[in-house]
Amino acid sequence: MRNEDSSVQATFNNIARRYDLMNKLMTLGSHRRWCREVAIYATGRGGQRFLDLATGTGVIARAVLAQSPDSTVVGADFSESMLNVARAGEGNEGIEWQFADAHELPFEDAEFDGVTHGYLLRNVSDLDRVLNEQFRVLKPGGVVVALESSPPAGILAPFIRTGMRVVIPTLGTVIGRDREAYQYLVGSTLGFLTPEALKLRFEQAGFTDVGVKPKFMGTNMIWTARKPR
Ligand SMILES: C[S@@+](CC[C@H](N)C(=O)[O-])C[C@H]1O[C@@H](n2cnc3c(N)ncnc32)[C@H](O)[C@@H]1O
């Protein structure tokens, strides 16, 4: 594993216990609704086996299972502390929790009908490899659906940027008890690719029908993309 990834892994191991509460505050309570929306898109065409990468505390994995109760869902992450919080949650029957690095997935080719993830892409050291791996494990015709943060754009961008730089590390100090981790989260969002650039990377990995739906003044996006048949 590269040094950048080990440091991301350590960051998430440190903040696992308070992550859900912080997420709720940072998204003003919208995170669960967005996760449900991700799950609805991912399961819309049916399917029996789904992978939620960077599952964290498992919110998207549980939402996928709620939409598709007869399927099996694998919730995978490279932070054992996050996975431990996921394992301790309720509504886990039908979910397999598994340690996995998104750069090197321990799954067969064409194993999954759908792949989901929330806030993974801006954290990885090799985005193209991570997208190629998702393409590989998807069945032809399968979808990837991703919730991802996005750098603010448009006339309000300077105000939103300043707000994020002030509010999130403050919440991270008082509630999350780890200012540095939340400074990292803000930095990784502000420094991430524009939607136009990310769309290109999905397409370069082989995906078609790449679509994006902005949320929260464009600071969050829900991405959908398909592996051709
Ligand atoms: C911000 S959390 C998001 C958790 C969850 N998806 C959600 O929406 O609440 C990001 C997660 O990605 C995981 N992660 C980051 N890089 C990863 C990688 N290379 N492989 C697997 N998981 C990774 C972290 O451990 C962390 O649990």
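Think of each number as a place in line: the chain as shown, counted from 1.
Yeah, the Cβs are placed from backbone N, Cα and C, and that goes for glycine too.
Bear in mind that TrEMBL entries carry predicted annotations, made automatically and left uncurated.
S-adenosyl-L-methionine binds Asp77, Asp101, Ala102 as TrEMBL records it, and from the list Thr57, Thr116 the residue named for this site is Thr57. Annotation note: Asp77 (S-adenosyl-L-methionine binding site) sits in a strand segment as assigned by DSSP.
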